Ligand code: URA
């Protein structure tokens, strides 16, 4: 299936990107970017960064009251109101962000979407899609470490919306002004959460200064 990328949407003002600028995030991101960081180190840092991102990405999750007993007295606490959240990984590098996210929200179901770029038409083509049930009522936290051109992110979100997803948040480690503009143009209703807006893209559509190929660095396929 061919999916449209950065087509203009009819909705109005795009949500501004949320840049996570916590010192821990900046520190870990710097070490993640280093060319000499090993695969093991890269994985550990991505896991730690995704924990920190998840903390922010889940800020709006609804709570419900629950009566509990402390060692001293009963009290009314709060707990997450049911499993109305899910993670959706854009294959394959998105999977690297799942471990940390699932450490914090272990009950969340996980969807996967796989897209490749047709070398002739340059269109995004879907090769895999498996989503949790009731995706339309869930807050969908879409994970992909790199928002580069924005084409595959926009195409993935178009497809998720076709499947009923409505409450979508796109989370990434690195982004570019071009990628943000593309995604905002196609999906102005989707909040983008990123740890950094890098300078731009090189002639091969790699993010610069970037961190290289996130999938290769995560899975040791360099
Ligand atoms: N995907 C990557 O893994 N790295 C980039 O720089 C751009 C896209």
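Keep in mind that glycine also has a Cβ here, set from the backbone N, Cα and C atoms.
Among the candidates 92, 138, 166, the residue that TrEMBL annotates alongside 117, 144, 145, 146, 147, 148, 149, 150, 151, 152, 213 as binding 5-phospho-alpha-D-ribose 1-diphosphate is 92. The distance from the Cα of residue 212 (uracil binding site) to the Cα of residue 92 (5-phospho-alpha-D-ribose 1-diphosphate binding site) comes to 15 Å. Here the candidates are the binding-site residues 92, 144, 146, 150, 152. The one whose C-alpha lies nearest to that of residue 207 (uracil binding site) is 146. Reduced to three states, the DSSP call for residue 214 (uracil binding site) is helix.
Here the domain 'Phosphoribosyltransferase' (19-221) has a mean pLDDT of 96 out of 100.
The binding-site residues near ligand 1, defined by a Cβ under 6 Å from one of its atoms, are 146, chosen from 92, 144, 146, 150, 152. Most Cβ neighbours within 10 Å, among the binding-site residues 150, 212: 150 holds that distinction in the structure as shown.
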